[in-house]
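Novice: Structure provided below as structure tokens; questions to follow.
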Amino acid sequence: MKISIIGTGRVGSSTAFALINAAVADEIVLYDLNKEMAEGEALDLLHATTFHKRMIIRAGEYSDIEGSDIVLITAGAAQKPGETRLDLTIKNAKIIKGISENIKKYAPNTLIINITNPVDVMSYVVWKVTGFESNRVIGTGTILDTARLRALIGKNCGVSPMSVHAYIIGEHGDSELAAWSSAMIGGVPIKGFCRNCPYKDNCNKDLSKIFDDVKNSAYTIISKKGATNYGIASATTALVESIIKNEGRVYTPSVLLDDVYIGYPAVINKDGVERTIDITLNDEETEKFESSKSIIKEYLESIKNLL
């Protein structure tokens, strides 16, 4: 299994390290415009393989991604404190277009996972420029947001996050929403669980506050350390594992719906996106989801001259 990573900044290098720990690849190729950084990361990561599965780790050129089973895109301008993901659109669209052209040239049969923000818009750019089938172009979408939601619900309600089934859908950004109508804890609708929870009298957070914490997580982290990297690296690795092992896990990646890439529940297997799963949304949630789609489409309109 050969995986290539385009971009070896914090996210790219953290993802490479997570992939090593997961032992899912036989070869990892790192590419970056800063060749010395890519070479340094490759050497450092190679040393880490001493304690894990034996694999090839090397820096390379675009031509070295040939034969890749999966290509991960992490390159792009960094999100600055106070800057929304959609503010990055024009800046990163040109970068992603060039990367996509090279992937199409050197690895036409690969499956692409885009991590670069704004992830929904950039995933659409990758899809349009490469001309690949939509199941082979996946964005990380709201996978990490969903994980954050489940973790915070679990902490607040005194249960394991693994027993929480709740989704963040829509844009990976300011217009995302929590699909509370379909949220469950241990098979019980979450609002029913809350009514019968023995800790309800001492609970100091309602559902909207939990969602606000999820929505602001990235901004909080960026304001304190400058970037988010470990969470998204783990989310990407989980996505890769479901593809490589053909596990059919359900995540909320950025997938093609109504000619727009957007975070939505989907089954992920060896072919990428096998299918989406329709979840129950009330009228308010449906309206918010459609609004989120419209926002992404507006930003796509702003870069249509590049595609």
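Just so you know, glycine gets a Cβ as well, placed from its N, Cα and C.
According to Swiss-Prot, the feature NAD(+) binding site maps to VAL11, ASP32, TYR62, GLY76, ALA77, ILE115, THR116, ASN117, THR140. Swiss-Prot lists GLN79, ARG85, ASN117, PRO118, VAL119, ASP120, ASP145, THR146, ALA147, ARG148, THR228 with the feature substrate binding site, giving sequence analysis as the kind of evidence. Positions annotated as beta-D-fructose 1,6-bisphosphate binding site by Swiss-Prot: ARG150, HIS165. Annotation comment: Swiss-Prot describes HIS172 as active site, proton acceptor. Among the features that Swiss-Prot reports, phosphotyrosine is placed at TYR219.
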Novice: Given that the record lists VAL11, ASP32, TYR62, GLY76, ALA77, ILE115, THR116, ASN117, THR140 as binding NAD(+), what is the largest C-alpha to C-alpha distance among them, in Å?
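Specialist: Of all Cα pairs among the recorded NAD(+) binders, the widest measures 22 Å.
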Novice: Specify the secondary structure state of ALA147 (substrate binding site) as given by DSSP, simplified to three classes.
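Specialist: Where ALA147 (substrate binding site) sits, the three-state DSSP reduction gives helix.
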Novice: Just checking: which of ALA147, ARG150, TYR219, THR228 have a Cα that is within 10 Å of the Cα of VAL11 (NAD(+) binding site), counting only these recorded positions?
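Specialist: Of ALA147, ARG150, TYR219, THR228, within range: THR228.
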Novice: Distance check, please: Cα of THR140 (NAD(+) binding site) against Cα of HIS165 (beta-D-fructose 1,6-bisphosphate binding site), rounded to an integer number of angstrom.
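Specialist: Each residue's Cα considered, THR140 (NAD(+) binding site) and HIS165 (beta-D-fructose 1,6-bisphosphate binding site) end up 18 Å apart.
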Novice: On a C-alpha basis, identify the one among ASP145, ARG150, HIS172 that is nearest to ALA77 (NAD(+) binding site); the candidates are the recorded positions.
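Specialist: Checking each of ASP145, ARG150, HIS172 against ALA77 (NAD(+) binding site), the shortest Cα distance is to HIS172.
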Novice: Of THR116, ASN117, THR140, THR228, the binding-site residues given in the record, which has the fewest other CB atoms within 10 A of its CB?
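Specialist: Selected from the binding-site residues THR116, ASN117, THR140, THR228 on minimum Cβ neighbours within 10 Å: THR228.
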Novice: According to DSSP, does TYR219 (phosphotyrosine) fall in a helix, a strand, or coil?
Specialist: helix
Novice: Return only the integer: C-alpha distance in Å from HIS165 (beta-D-fructose 1,6-bisphosphate binding site) to ALA147 (substrate binding site).
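Specialist: If we compare the Cα positions of HIS165 (beta-D-fructose 1,6-bisphosphate binding site) and ALA147 (substrate binding site), the gap is 10 Å.
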Novice: Between the Cα atoms of ARG150 (beta-D-fructose 1,6-bisphosphate binding site) and HIS172 (active site, proton acceptor), what distance do you get, rounded to the nearest Å?
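Specialist: Computed Cα spacing between ARG150 (beta-D-fructose 1,6-bisphosphate binding site) and HIS172 (active site, proton acceptor) is 16 Å.
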Novice: Measuring Cα to Cα, how far is TYR62 (NAD(+) binding site) from ASN117 (substrate binding site) in Å?
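Specialist: Between the Cα atoms of TYR62 (NAD(+) binding site) and ASN117 (substrate binding site), the distance comes to 21 Å.
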Novice: With H, G and I counted as helix, E and B as strand and the rest as coil, say where DSSP puts HIS165 (beta-D-fructose 1,6-bisphosphate binding site).
Specialist: strand
Novice: DSSP three-state call for THR140 (NAD(+) binding site): helix, strand or coil?
Specialist: coil
Novice: Indicate the candidate from VAL11, ALA77, VAL119, ALA147 with the smallest number of other Cβ atoms within 10 Å of its Cβ, considering only these binding-site residues.
Specialist: ALA77
Novice: Just checking, which of ARG150, HIS165 (binding-site residues) has the fewest C-beta atoms within 10 Å of its C-beta?
Specialist: HIS165
Novice: Which recorded positions from the set THR116, HIS172, TYR219 come within 10 angstroms of ASP145 (substrate binding site), judged by C-alpha positions?
Specialist: HIS172
